[in-house]
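Here the structure is laid out as structure tokens; the discussion comes afterwards.
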Amino acid sequence: MSSLKRNYSRLLWDSDKSTNLPLFVDKALKLLNLKQVYYEVEHSVMSRVSCTACKAGAGLLQHYIKLGKSKEEINKMIYQFCVSLNIQSARVCEGITRLFGSEVVYVLKRITIGPNEICSFVIGDACGDVYNPYHEWEVAFPPVPKPVVRTLESPMEKAPTFKVLQISDTHFDPYYAEGANAECNEPLCCRASSGPAMTPGDGAGRWGDYRKCDTPKRTIDHMLKHIADTHPDIDYILWTGDLPPHDVWNQTKEENLKVLQETVVQMSDMFPGVPIFPALGNHESSPVNSFPPPYISSSESNIAWLYNELDAQWRRWLPAGVSHTVRRGAFYSVLVRPGFRIISLNMNYCNNKNWWLLLNSTDPATELQWLIYELQSAEFSGEKVHIIGHIPPGHSDCLKVWSRNYYAIINRYESTITAQFFGHTHFDEFEVFYDPNDLGRATSIAYVGPSVSPYYDLNLGYRIYYVDGDHDATTRLVVDHETWIMNLKDANLFGYPIWYKLYSARSAYQMQSLRPQDWDKFIDDMTSKEDVFNMYFKHYWKNSPRRGSCDGECRKRLVCDARSGRSHDRRALCGHIEARIDSTAPAPQTWRAWLYNGLSVSLSMLMQLPQVAYQIPKFIMGFG
């Protein structure tokens, strides 16, 4: 640890020996627990440790900007930092510096807020709710009273249903190579460029790999053929984003557009005549997470290159009338049939890794105000609405101010919105929304579909929903859903994938129906019944053999995730359930066990410094 800090300090001092670093940066470097930072960035579970790292990174960059250092000089410093501390290979260091450095410097040069405000904005509640007038805003609702809320009845049994497929987070890797090194210590492995496998066990599997590897083409082909053969009666498809792989240091606009074009053709050929409703993921841009709002008009920085292509590709499934909103902000609204509408949102305007939002986060592309208009029109017309997107609004990756506004919209139009569908996390989960004035009353449910990609430690999966269909008393609620998976270990062992239904929600969880209040009761069951939570944990991981165990803190986090449709507000939403889980936790360990475990963790951290150190610049560059 001390050697790493000496090297870091030498880099910083050598770049400008006449200038002292800000005191808080020096203090932050001494306090950083790199192992914890590594874990938190990887899992989007932030604490004060991540907050300290964020402030150190942001403060350091702002320090050099104030000194008048050029973009090239700052990028060189970032690259030297990355290489000298063996944070990544030279090619990865060069790639992330080239792709991310200039954008972040451009943004930081144009804002007046400091590290405290920046990191509260980016990280959320783990970094304090620092008041920042530049990033406090509220959407405006029309002067129309909210309709009287009526008790939501269960859908009629044996009524007609729609069968709906959700595919999310395919992360197709066109360069996946069977037998290539899967232990490459880079953000993405299993490619010829990852180098040779040192042992047979280090080689990438034929159908994919549990390590940091994405999805080979043969596996996606096999899955789509299986779906077409097994579910020939699909009525429509929700395709919730993240098409390119995780080689985020090496991507170009041209490569990402090629992945988009190839996968659109693949979906069209495999499901001819089936309506497909796509949503945009955070990996479709290059660099990843970079989605400038429409007012960024320079040819070098604007996002028209992606949105125009999305319009051209999605047009085969969507009406021509949505072209103007797709080109402006990659969102749209479609009347699927009389009385039933699907709205697709661009959730990258809530993404806290989208550094452009630091310039101005106020409802980028006026997307949420547009959403209110669409929902109010639907309410007047008596339509029911499903919302689709990529990043779940309650996830820690979603900006707190955006999420708060979205939560208010869901509450106002709870009688119109009957389901929401997202992806992004790669896990099989859900989020429940509540009345802000009565956090005991559930108002809406967001389904978070599993990823196709095994990245990482996961089996591959997709979701089938049954939606209340066409009949006089239809609710358009989700009646049931099934998660189908492929066991990757068995596929590689026996040479052939087998897809099977892991579970159906109503049967496995013994739910009366899938109304918001039913999911709220299920959260209550997970809180009080260990066997119910363990079943959910198995499904959350798509029955992966690498899922490990889940202690009390893990259980509190997952149950709270399910209760959090609003991001960065866990104290209000989850305090009572966390207390209930704590009350049933095992007795505290003895002081001897505590001391032994503390020493073990400290030694483990020292042994893993070369692996964990590379996470620090992620806060600087929006990497991941």
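Just so it is clear, glycine is given a Cβ too, placed from its N, Cα and C backbone atoms.
All annotation found in TrEMBL is predicted automatically rather than curated by experts.
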Disulfide partner of Cys54 per TrEMBL, picked from Cys82, Cys93, Cys119, is Cys119
Going by TrEMBL, the cysteine from Cys554, Cys560 that pairs with Cys574 in a disulfide is Cys560
Sequence-ordered disulfide-bonded residues within 10 Å (Cα) of Cys127 (disulfide bond), taken from Cys119, Cys184, Cys189, Cys213, Cys350, are Cys119
Between the disulfide-bonded residues Cys93, Cys119, Cys189, Cys560, Cys574, the one whose Cβ has the fewest other Cβ atoms within 10 Å is Cys560
The sparsest Cβ environment within 10 Å, among the disulfide-bonded residues Cys54, Cys127, Cys398, Cys554, is found at Cys554
Across every protein chain in view, the count of C-beta atoms other than its own within 10 A of the C-beta of Cys213 (disulfide bond) is 29
Cys554 (disulfide bond) to Asp169 (Zn(2+) 1 binding site), Cα to Cα, whole Å, comes out at 24
If we take the Cα of Cys51 (disulfide bond) and draw a 10 Å sphere, the recorded positions of Cys119, Asp169, His171, Cys213, Cys350, Cys574 inside it are Cys119
Averaging the pLDDT values of the domain 'Saposin B-type' (47-131) gives 84
